[in-house]
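According to TrEMBL:
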BINDING   H89, H91, E95, H134  Ni(2+) binding site
BINDING   H89, H91, E95, H134  Fe(2+) binding site
Amino acid sequence: MALEAWFMDDSNEDQRLPHHRNPKEFVSLDYLSELGVLYWKLNPENYENDSELGKIREERGYDYMDLLDLCPEKVSNYEEKLRNFFTEHIHKDEEIRYCLAGSGYFDVRDKDDRWIRIWMQPGDLIVLPAGIYHRFTLDTSNYIKLMRLFVGEPVWTAYNRPQEEHPVRKQYTKGLTHKFGEAIKAH
C-alpha cells in the first residue's frame with residue numbers, strides 16, 4: 001500500500017485523529033515531491049539486511065542511524081515529548097524517518113500554508129527537506145517504532161515557527177518559488 005496523505009481540516013480535536021476534510025482531499029506523491037518530500041516503500045521486516053535501504057543510505061550519505069520506540073510505556077515525559085514534537089518547527093537539515101512498526105503522522109505545510117497530514121505506516125520512509133514547516137504526532141495506536149537517519153552527527157535542534165528569516169527557511173521557500181514558477185511556465 002502506498003503512502004497516504006491528505007489536506008487537514010481546521011479542527012482542534014485530538015491531534016491523534018486523522019483530521020480529514022469533508023469531503024476528503026487526498027494529496028499525491030507528486031505533490032509531496034514538489035514540496036521536497038521524498039518517499040520510499042521498503043520492507044520493515046528486513047531493515048537490517050535491506051539492500052534497497054543500504055543503497056538509499058549510501059547515495060544520500062546517511063551514515064548515522066538509531067531506533068526510537070515512541071509510546072507511553074517506553075518514553076519518560078511522554079506527554080511533554082509529544083507536545084514538543086507537535087509544535088510547528090523547521091530544522092537546518094533533512095529529517096529522515098523510516099517506520100518499522102506502529103504508525104503516526106507527519107504534518108507538513110504546503111506553499112499556501114495548508115497542513116498536509118502524512119500517515120506513516122510500517123515500510124514508509126520519508127525525507128522532509130530542511131526548512132519545511134512540520135510537526136509529528138502519533139495516531140490513536142499510541143505507538144511507533146522509527147529509524148532515524150542522519151548525515152554525520154545528528155543535530156536535533158528545532159526552530160519553532162516563525163522562522164521566515166532563518167537562512168534555511170529562506171533557501172527552502174526560494175526553491176519552492178523557483179519550482180512552482182517553472183511548473184507555471186511549462187503549462
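Count begins at 1; order follows the chain as displayed.
Every residue, even glycine, has its Cβ placed from backbone N, Cα and C.
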Chain-internal residues near H89 (Ni(2+) binding site), provided their CB is under 8 angstroms and they sit 6+ positions away:
Y133, H134, R135, A158, Y159, N160, R161, Q163
Determine the minimum-neighbour residue: among H91, H134, listed as binding-site residues, which Cβ has the fewest other Cβ atoms within 10 angstroms?
H91
Neighbour count, 10 Å Cβ-Cβ cut-off, for E95 (Ni(2+) binding site): what number do you get?
22
